[in-house]
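Asks: Handing you a structure now.
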2 protein chains.
Amino acid sequence: MMLPHATPVETAAEAETAVLLIRRTGARATPARLRVLRLLRAAPAALTHHQIEQALGDLAIDRVTLYRVLDWLVESGLARRTTDAQRTFRYSLAAGGEHAAHTHFRCEDCGRVFCLDAAPPVPPSLPEGFCLSRIELDLCGRCAECTGERR
Amino acid sequence: MMLPHATPVETAAEAETAVLLIRRTGARATPARLRVLRLLRAAPAALTHHQIEQALGDLAIDRVTLYRVLDWLVESGLARRTTDAQRTFRYSLAAGGEHAAHTHFRCEDCGRVFCLDAAPPVPPSLPEGFCLSRIELDLCGRCAECTGERR
DNA sequence: CGACATTCGCAACTGTGTAGCATCTATGGG
DNA sequence: CCCATAGATGCTACACAGTTGCGAATGTCG
């Protein structure tokens with residue numbers, strides 16, 4: 001799946017920001033949180049719990065702890081969580097002004113999920129009494145890599 | 001959850017159509033398939049495996065058989081399958097000319113999923129090399145029932 | 001009616017996410 | 001710099017949705 005085992009080089013400033021981001025939520029800046037946060041930051045796509053475990057490599061953190069770190073990230077607004085077609089959760093860093101509209105591209109071959117920043121689509125009309133809070137646009141198909149590889 | 005335990009009345013013609021629909025796929029018209037097909041047809045929203053089991057009531061069919069029936073429905077193009085926010089599959093009858101675009105409304109309160117037939121949204125621009133096969137628009141919020149009930 | 005491939009129903013299994021609880025540690029006050 | 005302690009961690013055990021294998025039952029076609 002070719003995820004970097006560790007971010008190539010990370011400046012002290014970047015690490016600092018991560019710590020501050022965490023502290024600002026009122027939580028402790030633990031190694032587990034820092035590592036997951038950095039990993040998500042470097043990820044080009046939304047990752048599953050399993051992919052994150054793999055990417056952490058040898059210095060693995062406990063399965064349950066990872067779940068808790070991810071939950072915490074979502075709760076504190078630092079990350080967002082979606083379910084993919086294989087009914088597993090995928091996590092990605094929350095963009096600046098989120099919570100309104102979001103666009104994903106899911107590759108049907110490799111299963112990866114890419115977060116695009118396409119324009120928030122039309123606000124469609126809803127049945128009487130329905131109340132809208134979020135719009136999500138899901139595009140399915142093949143990513144560039146898979147299109148190239150297989151035919 | 002208030003799903004009808006059985007479709008109020010079903011004309012012989014409707015039952016007939018169901019049988020033909022099934023036969024046309026080259027499969028056998030078994031009671032299990034017929035019942036699930038009718039149920040989905042009468043459903044106002046996408047149903048989970050569990051909801052379908054409930055709706056079948058006393059004349060329950062085996063859990064695994066239901067899974068297989070649903071798989072078969074999806075495979076043969078009669079139904080479509082999506083995952084909801086609780087990471088469980090939901091099944092709904094495939095509309096006439098489907099496979100292009102689809103719009104769902106998920107109620108954050110009761111978890112139900114409604115299939116709207118809103119206009120297929122804008123075809124957004126993709127990164128180089130990406131190949132699009134399906135668009136799905138997901139609306140989240142509160143359905144009329146829940147909006148009315150709770151404030 | 002009879003043969004036989006397709007379906008069904010059971011039991012056991014997998015994979016993803018959660019709960020409880022004892023142990024450890026980041027952090028703020030001495 | 002060290003200590004106390006709320007908050008995190010990492011076990012183990014569990015819950016739930018979905019899957020697999022296989023023998024028994026049954027719809028369909030001749």
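Any Cβ shown, glycine's included, is placed from N, Cα and C.
TrEMBL feature annotations, pasted as is:
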type    : residues                               : note
BINDING : B:CYS107, B:CYS110, B:CYS143, B:CYS146 : Zn(2+) binding site
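How buried are the listed features, and what sits near them?
Replies: Secondary structure from DSSP puts B:CYS107 (Zn(2+) binding site) in a beta strand. Taking Cβ-Cβ distances under 8 Å and a sequence gap of 6 or more within the same chain, the neighbours of B:CYS107 (Zn(2+) binding site) are B:VAL113, B:PHE114, B:GLY141, B:ARG142, B:CYS143, B:GLU145, B:CYS146.
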Asks: Out of these binding-site residues, B:CYS110, B:CYS143, B:CYS146, which one has the fewest other C-beta atoms within 10 Å of its own C-beta?
Replies: B:CYS110
Asks: Around the Zn(2+) site formed by B:CYS107, B:CYS110, B:CYS143, B:CYS146, list the extra residues of the same chain whose Cβ is within 8 Å of the site's Cβ centroid.
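Replies: Other same-chain residues with Cβ inside the cutoff are B:GLU108, B:ASP109, B:GLY111, B:ARG112, B:ARG142, B:ALA144, B:GLU145, B:THR147.
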